[in-house]
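As structure tokens, the structure follows; a few thoughts come after it.
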Amino acid sequence: VLSPADKTNIKSTWDKIGGHAGDYGGEALDRTFQSFPTTKTYFPHFDLSPGSAQVKAHGKKVADALTTAVAHLDDLPGALSALSDLHAYKLRVDPVNFKLLSHCLLVTLACHHPNEFTPAVHASLDKFFTAVSTVLTSKYR
């Protein structure tokens with residue numbers, strides 16, 4: 001459960017990210033593919049080389065979904081329902097991959113915003129990414 005302080009930290013951090021969210025999403029995907037090569041199996045049709053246009057484009061989709069989630073922190077299931085359906089029923093992404101991507105998103109944000117990435121912000125973002133992952137995997141059950 002996200003506390004009021006968590007919500008403030010999440011919104012504040014996302015505001016600071018601003019127009020870089022898509023770039024960070026692509027970088028986090030690159031990190032995921034490099035650190036956890038099994039995640040590449042869901043993208044056989046992509047050029048998975050670091051910085052490829054396809055990885056950047058998908059990273060922007062990830063960032064856009066997270067931006068939607070930030071705007072709907074009080075109703076993540078409603079805001080992410082269609083995306084949950086897509087990942088559960090069509091793409092059939094193994095739920096562990098959301099945790100791996102979440103970790104890489106945290107690393108990416110910490111690298112780009114080290115001064116703002118306090119322990120409290122880290123904890124809030126971790127809780128947020130976990131909440132998003134939980135929603136995205138809720139229809140698997």
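Backbone N, Cα and C atoms are what each Cβ position is placed from, and that goes for glycine too.
Model, not experiment: these values are computed from the prediction.
Quick look at what Swiss-Prot annotates:
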- His58: O2 binding site (BINDING)
- His87: heme b binding site (BINDING)
- 1-141: domain 'Globin' (DOMAIN)
- Ser3: phosphoserine (MOD_RES)
- Lys7: N6-succinyllysine (MOD_RES)
- Thr8: phosphothreonine (MOD_RES)
- Lys16: N6-acetyllysine (MOD_RES)
- Lys16: N6-succinyllysine (MOD_RES)
- Ser35: phosphoserine (MOD_RES)
- Lys40: N6-succinyllysine (MOD_RES)
- Ser49: phosphoserine (MOD_RES)
- Ser102: phosphoserine (MOD_RES)
- Thr108: phosphothreonine (MOD_RES)
- Thr134: phosphothreonine (MOD_RES)
- Thr137: phosphothreonine (MOD_RES)
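Everything Swiss-Prot records as a feature, shown here on the structure.
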residue : record              : CB count, 10 Å
Ser3    : phosphoserine       : 11
Lys7    : N6-succinyllysine   : 16
Thr8    : phosphothreonine    : 14
Lys16   : N6-acetyllysine     : 13
Ser35   : phosphoserine       : 12
Lys40   : N6-succinyllysine   : 13
Ser49   : phosphoserine       : 11
His87   : heme b binding site : 21
Thr108  : phosphothreonine    : 21
Thr134  : phosphothreonine    : 15
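Thr134 (phosphothreonine) sits 12 Å from His87 (heme b binding site), taking the C-alpha atoms as the reference points.
Annotation for His58 (O2 binding site): same-chain Cβ neighbours under 8 Å, separated by at least 6 residues, are Gly25, Gly26, Leu29, Phe43, Phe46. Cα of Ser3 (phosphoserine) to Cα of Ser102 (phosphoserine): a distance of 19 Å. Among the recorded positions Lys7, Ser49, His87, Thr108, the ones whose Cα is located within 10 Å of the Cα of Thr137 (phosphothreonine) are His87.
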